[in-house]
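Trainee: Quick paste from TrEMBL:
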type	residues	note
TRANSMEM	37-61	transmembrane segment
TRANSMEM	73-93	transmembrane segment
TRANSMEM	99-119	transmembrane segment
TRANSMEM	193-212	transmembrane segment
TRANSMEM	218-239	transmembrane segment
TRANSMEM	374-397	transmembrane segment
TRANSMEM	418-435	transmembrane segment
TRANSMEM	455-478	transmembrane segment
TRANSMEM	499-519	transmembrane segment
TRANSMEM	543-562	transmembrane segment
Amino acid sequence: MENSVSEKGEIIEQPLLMVENDSGEGTQKGGFRTLPFILGSMALMNMALTALTPNLILYLMNEYHMDMVTGSNMLFIWSAVANIAPVAAAIMADSFVGRFHMIGLGSVVTLVGMFLFWLTSVIPQARPPPCVNSINICKSADMSQVLFLYLSFGIISIGDGAIRSPSLAFGSDQLTGEVYQENARAMERYFSWYYALSALALLVSLTCLVYIQVNMGWGLGFGVPVLLALFSTVLIYLGTPFYVKLKPKSSLITGLFQVIVASYRNRRLRLSSQSEDILYHQKKGSAIALPSEKLRFLNKACIVQDPELDLRPDGEATDPWRLCTVDQVEELKALLKVVPIWLTGVVSSISNLSSFPVLQATTMDRHIGSSFEIPAASFGLFGVISAILWLVLYDCLILPVASKLAGKPVHFSTKDRMGFGLFLSFLSVLVIAAVEGFRRSVAIKEGYSDDPQGVIPLSAIWLLPQYLIGGIAGAVYATSQNEFYISEFPKSMSSVASSLIGVGGAVGSLLASLVMSTIDDLTKRGGQESWVSSNVNKGHYDYYYLVLAGFSLVNVLCYIVCSRAYGPCKGEEDEMKEQKS
């Protein structure tokens, strides 16, 4: 038995879930006792993974002697793989492997990848020899060293994707018993702890773990995350006897692909103007009997041509890749409808993926007092803090004050908030360009043109505005984007929201790599110094960010057009009618 708190504040006893074992006897499974294993493992793994990325551009440039463009492109590709991997993992976990086995396998794979990456910091032969400072000669990494580095990154990405996609849902599986479903507070507590521990893991990695890398060396700095990944893997398996392990079933994402394939295979069918003349395959218990008239060519996927051949005795399709349900077709239509708005999110991510702010911070005075110096990679912490503060103030101060002034409840729509987030993102890029222009002028004036490692007499406090605005922009856009997808999609598609955001991040990473490489090729022609040079004092990152600001501004305008073309969101039509009446 477990204790919980009822809505009246009374302590009530709640039984654990009863699951039959192989001998047919009931065993107690699931409940709150499983959450320390799941949440603890998740927090440790998040801490380990997020500790790798902040300083990674410095590691690649200083230890592998990569230039800024090469190192950034490697990180862009890694980010793309890391964002697309959860989508593939979600399909496998839901359809074939199961969530627990996918998390366990992903934990082991991530541990192996992080161990291989740690070896690059402790085995001299795994990376190029140090530069000869007296004559400024640096040997580049050979093919085997680069391939080993790529291998470790690839394994980490695959393992991370396998953990990230099913972890949240696996925890909720433990609270699927009848008593937990009736107590909404149980699930609310779980989600609160999940996101709180995620934020805590990020704060620890950006402070303590980054500090270890900078002040105690790469070997120890990358070794600690390996230990954290090991503890995470052990912890998730320690709870094995207590977990509820739901059997794999058909994946929603697989169903979306089935609609595409079925509509293509049935492309020769003719659609009648009278829907009543056509027999459609309806899902059992579904209230949707007929497909909508939008994107009508997809309706061919759910047309029953011959009931005896197309349907089994139980009413299911004999070939789900030729005949789909009306629900599946409408789910794909809902997904396609949000694609234009989704694309604006992809473009906005281009300017948020650059590693330049870390290099920018290394050239500035980061001291607090006379002894303590903030690591350059830890400045991302200010963005996290501003995001948390915004989320708290928005709910506890901004909305209540606005409602009081208006004399009625005030609510900003998800599309309005997404637009505001995109505008703030554009503003943060402008601020980066302005601050970098000022920083560069000071560096040149003080004679640091040929010394990109030198610290100029300019306080790093100048960087706070770009981090604060960027943090708020990310918080506003990410939360409203999630809410937009979940509210606009059918309930059966709630899990698609995270996959859609992940694919957007992957495409954004590839576009960011393309933009940086193109600007590098164009600006270094004729022997000129590239705008994105490894020497940040000779390059023109202020111009580079002005180009990104131009993209962001066009993206904001495109979003306004797409938002208006999309029409009102669900629930807004009723509100508009009430206001008119």
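Glycine residues also receive a Cβ, built from the backbone N, Cα and C atoms like all the rest.
From a predicted model like this one, the values you see are computed outputs, not experimental measurements.
Can you tell me where each of these features sits in the structure?
Mentor: Panel annotation: around the transmembrane segment (73-93), residues 53, 56-57, 60, 66, 99, 101-102, 106, 149-150, 153-154, 156-158, 160-162, 164-166, 248, 251, 253-254, 353, 355, 495, 498-499, 502-507, 509-510, 512-513, 516-517 of the same chain, lying at least six beyond its termini, place a Cβ under 8 Å from a Cβ of the stretch.
Counting same-chain residues at least six beyond the ends of the transmembrane segment (99-119), those with a Cβ under 8 angstroms from any Cβ of the stretch are 41, 45, 48-49, 52, 89, 92-93, 126, 148-149, 151-167, 169-170, 173, 219, 222-223, 225-226, 229-230, 232-233, 236-237, 240, 243, 245-246.
Away from its own ends, the transmembrane segment (499-519) comes close to residues 69, 72-73, 76-77, 79-81, 83-84, 86-87, 90, 165, 253, 335, 338, 342, 345-351, 353-354, 478, 481-482, 485, 530-532, 544, 547-548, 551 of its chain (Cβ-Cβ under 8 Å, at least six residues beyond either end).
Same-chain residues lying 6+ beyond the ends of the transmembrane segment (543-562) with a Cβ under 8 Å from its Cβ atoms: 340-341, 343-344, 347-348, 350-351, 356, 418-419, 422-423, 425-426, 429-430, 432-433, 436, 515-516, 519, 531-532.
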Trainee: For the transmembrane segment (374-397), find every same-chain residue at least 6 residues outside the stretch whose CB is under 8 Å from a CB in it, and list them.
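Mentor: For the transmembrane segment (374-397), the sequence-distant neighbours (Cβ-Cβ under 8 Å, at least 6 residues beyond its ends) are 54-55, 58, 199, 202-203, 206-207, 210-211, 213-215, 357-359, 361-362, 366-368, 460, 463-464, 467-472, 474-476, 479.
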Trainee: Other than its close neighbours in sequence, what residues sit by the transmembrane segment (218-239), given a CB gap under 8 Å and a spacing of at least six beyond its ends?
Mentor: 34, 36-38, 40-42, 44-45, 47-49, 51-52, 55, 59, 63, 103-104, 107-108, 110-111, 114-115, 117-118, 121-122, 209-210, 212
